[in-house]
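Chemist: The annotation coiled coil is assigned in TrEMBL to 257-311. TrEMBL lists 6-28, 40-60, 90-111, 123-148, 208-241, 333-356, 376-403, 423-448, 476-495 with the feature transmembrane segment.
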Amino acid sequence: MGDFNVALVIVAAVVSVVVLLVSFYLLINYQHPDDANQAYFPKLVVVVGLSVAAISILMLPADVANRQACRHAIYNGACNLTLPMKTLWLIVYIVDAILVFLVIPFAMFYYEGDQDKTVGQRLKSALIWVFCSALVCALCLGILYTLIGKVDFTVRHLSSSVQTFPTSWNGFSNSQPCISPLTKQCDAYLAPASSQTTWTMRTSFPEYVVALATIVGSVLFTIFGGVGIACLPLGLISSFVRRPKAVITRSQYIKEATELGKKARELKKAAEALHQEERNGKKDRKWRKNVKSVEKELLLLEDDMQALEEMYPQGEQAEATWAITVLSYLGKLVLGVVGLIISIAWVAHIVIYLLIDPPLSPFLNEVFIKLDSIWGLLGTAAFAFFCFYLLVAVIAGEMMLGLKLVFITIHPMKWGATLMNSFLFNVGLILLCSISVIQFCSTAFGYYAQATAAQEIFGHTLESLRGIKYLYKYNVFQYGFVALAIITLFYYSCFGWRKKRHTGRFQLSS
């Protein structure tokens, strides 16, 4: 047992280093060229945020492996060699909350500050915004914790009469489990309904912070995750369906490039006008609506430019470039089909295991257990993959809704073209939703992840917390997740496969 725990610590240390290196890799390859050799503090926040989010997801498989190390112990407390998972969970999620509600907002306010101001003025402005936000959050958190920061556990008082200790155990069996031969049931089984009562106790403050952060994250996760679980694979498949079928001629290329150039000049004039209004202090509702329109048109223009470059590859390696383009769309098709299978498995598992009471089958829980029986880390790896897939679906859902809804800001993640404010926004969204993903996975895979520290925090405490326990008791988030997934599926079936053409002159709303 000791060797297993040592191996677990070594694996945890190695994985943490790998996660940190992967976070650096993503930052370097996704960042926009305009952010090169600058914005070092936001970049540090991005790396730390991505690392914390990835580690928090991987901690649930580690929690399962940590529990398995004590499978021979009579009870968990008898095993002194396990990792202090409950303490690690609370540390990670307190850091998560600090990053989401303090550090990332400060970095975004500083990065998006008026470039004409000095560094000191931008720091002062960002600190004021963060201080006001933190003060409001602290007041709300303190008031809520004081008034309703308690958990209500439903318990039943059981008691039994005293019997003489038997001298022989031969008479006990499944049909006769009790000492008294007169009754085929133990006295405690006959407890009346009045013996059921509510046991109230105050939860710890760190657990309450995690619980409230989970509620906020669960709302976002239900909306973005429910949409993303459907649009992520369908978007990849539709990208293959709408792929360029052949290389266009030079005259066609010049014609399309000219139109895109006109569009770019219109957007540049609109952006300059909005910047002038911002400097004059006219940041009203109409200004914000126009900014959103410009951002949306700019994003679509970039997509059109990329599509045009794909349809007319240039240079000495034009044929090789076209071959790579064809292969990339085939890869999207394969990933889309695989993603569709995973999405269907997720939705089916939620319905079969969570929404139907009692569950029809453990479904994916049994799959992970069988994979563990083949090789110790195979089930754990599959378990972690399904959790990570939900996070990717959240980003896909945010992107889709950002293009469709006016009140959601667009923050695209593009290889080699992601501005730092979009990076910070998406990292904050990932961090906030990662708490909910862990809670969601610990519930959805409760049979596989039973008796873990995560279940103690997210199961027993969160689902018994006064004021919010009914959201989990009646599976509000699970129903919302499945409903949005089905609505998105119907939307894509009706409108998602059409290739949109953006024509006409762009004008700001007056």
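Note: Cβ is positioned from N, Cα and C throughout, glycine not excepted.
Heads up, TrEMBL stuff is auto-annotated, nobody curated it.
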Chemist: Out of 90-111, 333-356, 476-495, which stretch has the largest tally of CB pairs under 8 angstroms to the transmembrane segment (123-148)?
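Modeler: Ranking 90-111, 333-356, 476-495 by Cβ pairs under 8 Å to the transmembrane segment (123-148) puts 90-111 first.
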Chemist: Under an 8 Å Cβ to Cβ limit, what residues of the same chain, 6 or more beyond the ends of the transmembrane segment (208-241), are close to it?
Modeler: 89-90, 93-94, 96-97, 100, 141, 144-145, 149, 329-330, 332-333, 335-340, 342-343, 346-347, 390, 392-398, 400-401, 429, 432-437, 439-440, 457-458, 461-462, 465, 468, 471, 477, 480-486, 488-489, 492, 496-497
Chemist: Between the stretches 40-60, 90-111, 333-356, which one has more Cβ pairs under 8 Å with the transmembrane segment (6-28) than any other?
Modeler: 40-60
Chemist: Average the pLDDT scores across the coiled coil (257-311) and report the rounded value.
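Modeler: Average per-residue pLDDT within the coiled coil (257-311): 82.
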